[in-house]
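As recorded in TrEMBL, the features of this protein are as follows:
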{"type": "SIGNAL", "residues": "1-17", "note": "signal peptide"}
{"type": "DOMAIN", "residues": "16-169", "note": "domain 'F5/8 type C'"}
{"type": "DOMAIN", "residues": "316-491", "note": "domain 'Laminin G'"}
{"type": "DOMAIN", "residues": "493-530", "note": "domain 'EGF-like'"}
{"type": "DOMAIN", "residues": "529-581", "note": "domain 'Fibrinogen C-terminal'"}
{"type": "DOMAIN", "residues": "738-905", "note": "domain 'Laminin G'"}
{"type": "DISULFID", "residues": "Cys878-Cys905", "note": "disulfide bond"}
{"type": "DOMAIN", "residues": "906-944", "note": "domain 'EGF-like'"}
{"type": "DOMAIN", "residues": "946-1155", "note": "domain 'Laminin G'"}
{"type": "TRANSMEM", "residues": "1198-1219", "note": "transmembrane segment"}
Amino acid sequence: MWLQLAWSLVLASSAASSASRRCEDSLATPLPYSSFSSSSVYGRGYGAGYAKLNRKQGAGGWSPLDTDRYQWLQVDLGSRKQVVAIATQGRYSSSDWTSKYRLLYSDAQRNWRPYLQDGNIWTFEGNRNSEDVVRQELQHAILTRYIRFIPLEWNKDGRIGVRLELYGCSYWADVISFDGTGIISYRFRSKKMKIVKDVITLKFRTTVRDGVLLHGEGQQGDYISLELSRARLLLSINLGSSEYGSIQGHTTVASGSLLDDDHWHSVVIERYRRNINFTLDHHTKHFRTNGEFDHLDLDYEVKSRNLTFSCVESSSSPVFFNSTSFLQLPGQSNGDTLSVSLSFRTWNPSGLLMFTELADGWVELGLVEGKVTVYMNVTQKKNTRIEISSGSSLNDGQWHSVHLNALENHAMLTVDGDEASTVRTAIPIQVQTGGVYFFGGGSFLAASSRSLQRSFQGCMQMIHIDDHLVDLRAVEQGLIGTFENVTLDMCAIIDRCVPNHCEHGGECSQTWDTFSCNCSGTGYTGATCHSPLYQQSCEEYELQGQSSGAYWIDPDGSGPIAPFRVHCDMTEETVWTTLRNNLSPQTQTVVLESHDVMLKSLQLLFPLFSPVQLWSVTSRAESCEQFVAYACRMSRLLNSPDGVPFTWWVGRANEKHFYWGGSGPGIQKCACGIENNCTDPGHFCNCDAELKEDAGLLLYKDHLPVSQVVVGDTSKSGSEAKLTVGPLKCRGDRSYWNAASFTSPASSVHFQSFPGETSTDISFYFKTSSPHGVFLESVGGSSRLHIQIRGRLLCSVVLLTLEVGGELVQLSVHSPRPLNDDEWHRVQVEKNIKEAVLVLDGRHREVRAARTQAHAKLELYTDLFLGASSGQRSFLGCMRALRINGVIFDLERRAAETPGVSPGCQGHCSRYEMHCRNGGKCVEQYNGYSCDCSLTAYDGPFCTDDVGGYFETGTLVRYDFLPDMGAPVPDEMKGSPGWGLSGEANLTREELVFSFSTHSAPSILVYISSRTQDSLAVVLRQNGTLQIRYSLGGLMEPFTIDIDRRNMANGQPHSVNITRSFREIRLQLDHYPLSTYTLPETSDVHFNLVKSIFLGKVFETGQIDPVLIERYNTPGFVGCLSRVQFNSVAPLKAALRSGMTAPVSTHGILVPSNCGASPLTIPPMSSAHDPWHSETAGSVFPFKEEKKRADGVNRNSAIIGGIISVVIFSVLCILVFVVRHTFRHKGSYHTNEAKGAESADCADAAIIVNDPAFTETIDESKREWFI
């Protein structure tokens, strides 16, 4: 085995380098014609040597004989160069150019390596015509002598053609090659080195997967080592460990894979104290060493082992197979021994390695689920099938060797040279070879009745047939065998899991074409385990309708803080988050008895939470608290405010605090000292008087949680202290409600651009009444981000435009209903290297797979604008909880500094919602608002206009509940026990509200039936009094409520509100106090299967209360009904509004009218004057409203009113006389005509022309007054 290493090593306490010149030399133009070669030439004058940029010699460039993907142009740079860019043109003045191509490079015209970028074999964009120069910068410079240009696509109307230039500069380095047995020592100037800062750089290449590259150590146990293990690079370092093992400084970090590919790899190690940057081929890992030491103590030399001089090129030549490749090679015919061996590497678990036909059957060698399997079919013995297999998980990307040998009626299979595990089996015939061998696949696959599935994808080398190594160069020259879609002398295997794109600890697995992430147990989801699986706080769970309990939360979303489990208390109006310490709720009290030690410490831990997790909760919360209590006996607590405290506690940032629960920072007192109620007025804590207890809440959240309590007064004989420390409790989530309001189409808020990441996620909530607008946008050099809402006829669409690394992605998510409904909606965007995702409200989703090469970062160099910055219409409405890559943006702070934007969600409804009355819903609109009255019994701009109708004799209105609809639920009752939306539900609560006026009695006002015998009726009896009849089952007769103290059939408007909750019935009549009644215990509490609502009269089949029909149903109600609403159903409004679709019918004449009803503005009567109040039960309440009480108070009021009227009339007469006298002047004429009279038809018209508002005065004055 050989390990070739070319390296430069620097070990120093400081590093400095001089600035080098710009690496921009033209590398191809100065070369002679002979430095260019190609796969073929179209003709004389088309040679490879003419392929120089801007040259016109010959035919003006290179063109191959065949126009296919097997062509190449090779440039020999003469020596190793550093190449940083390439520029291309088409062939001069022709239709021949190359539109896409790849680059291969090598140091010895063998083992070619494709240029990689973003973890993929990179495809460059070429030309669109023959003259324009297209330059492509290499993301990473390459060091090489030979470069091959591989055309992939070209002009369809022409041929392959190219002129090119390579840019870079010379490169030189000492090269040392070894055979694995020697050692080179680098000696320091002093015998020992105690180093704080190191920089180590080297480059290596090898075909061996294991070996030590560098090692150095010191006498105190410090060491540094760099080695290859299974083709991965391991850096091990130890800055020091303690003698007894309490401090372990050993640290090992792995990087890279497939490093045994015989290509150059660059290593840079930078250390400053414990901070290390470990860079391999431009991929850097940042980490800190374990332990507490900062210096690397080494002896006077650093050794490079297992390396000896002699830079010998490897004799193996790999072959690269894709899914359509095959290699056909000859072997011995009619031989009695079948011997095939090869080495392979692949990521696919299955694929064909070799197939050959025998004289009586065939043999197949391949991978099946990671095992090497041999199938042998013998046709001479009635298709006898033989199967043997060996190995496991051989699709790991490593080189594995296989040897199959069949002779003398038996077969042997050996994997990875392990003779001890060789598998042997007997075969029923003597083998007779066919002489043709297929490797990787072939056209025979469809014709043969074999079992193996798909072609091999990967690399092979060291192919032996009949114990002879195959000469692949002869195959390439067409001397032996044949091939298709095979790349000789190159292994283009890529480890798609290095670097690991699976975030948050996701497990990466791969095939040849792609990788996948297993996110199980990480707390994250998505193609790369980037998106959080849990909500950011208890507040978000509560808004989703969850109840109290234990939940996982992830405060920073896709950020580095891992999710953790907390307890959420959602029983109050605000949500509480509880984080428990290592004291369980049953053992939160710890007894500290007397001891000789002066200080006794109680260490409190939050074992389930890291410090950053605790901070993520407290920093976002509106407030936090932690309960502490100190029960004492002869053990003082804080001493006096000016003295040295006996006890203190340690909080966040390991700071000591000398205040106790119920007090605050800087105040060395307890709660009783703040409230001046301590047992001993001479002390500020009860325990400072050595008795009782001091307890309270610690409320300053920047100091919480309590991590340690130190008690200092426990040394007295008989002293005792009981310490109680509760869990940390935090209320609310400020970042979740961090919002800004955009009130102008031109308003916007800008933030600095966020750092580019391979994966980017954006999340925010919005609500708006505008159908169009831009949410946010940002434009970078090659990146663009734009999110907007666009309204359509019956729906809305959210559009995402994302451009990353030249790839344009446009996604759209449609909502089945308009999004400008002034409700909160959520937008989530994620872009990773596998896909782009747009999600609306967690339900509507669109996913777009990324291009194979799309591993670029989203680099935005301009500010991020919320709203539009490019002259488009900005978003109008509220936005909150904006989070990008786990970072919450402070919208409120930036909005306070920006005109046209205000902090918080301050829409029109937040200021004017009080104007939407009677249950109307405020709807945001641009520059205003409107009231949605659809679920009320009212109409008008503010839901204050009564909707009523006048019922003629025999008129009725019927509203039917469909079986699957039932009675809708009022908002305040939703979620209450016993309430349901379905007509099959059993209601335990209902509310009936209406107004009426009539002179007719008896009559039925409202009747609500059911599909059972349950019912509710409100009637006027013969004497005009009101009666409510409940029949809910369980009673022989309906339960009645008689309001028999007042005649309601007096032609005046009356309002009725009946609300039932289980057995309790509450009645509000007009402006009188609320009355409460209770159903008997024998009555059912369920109103079963509500069926219909009748207004004015009942026309119903089935069993009905006979009293209603006999006494009240004929001739029917005559008068006005308005404001009728049962829960959220307004049957009378549905009957009178022709545009409403509802199961309602009308019989008879119904004339729209508001019945003279008006909103209640009269305050309730006091109980002293309320005739219904129990204390006035002896009062006589007359039935005739026109008979007024003739007491003294009323007579005095009438006399005083008359006197005042006479005085006012006299004063007005005097004023009229004075005015007429003042404007009467002899010999002059004055007019007060308004301007514009000359163009008006009359004086009145002139006034109207001059004052447009005068029309309002005229409208308001269109009244007739009769005196």
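Backbone N, Cα and C atoms are what each Cβ position is placed from, and that goes for glycine too.
Unlike curated records, TrEMBL annotations are generated automatically.
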Other CB atoms within 10 A, centred on Cys878 (disulfide bond): 23
Contact set, same chain, for the domain 'EGF-like' (493-530): CB under 8 Å, 6 or more residues outside the stretch: 116, 119-121, 255-258, 261, 283, 320, 345-349, 397, 457-459, 552, 554, 558, 562-563, 758-759, 761, 830, 832-835, 837
For the domain 'Fibrinogen C-terminal' (529-581), the number of residues DSSP places in helix, strand and coil: 6 helix, 17 strand, 30 coil
Integer mean pLDDT for the domain 'Laminin G' (946-1155): 85
Residues near Cys905 (disulfide bond) in space but at least six apart in sequence (CB under 8 A): Ala739, Ala740, Ser741, Lys767, Cys878, Arg880
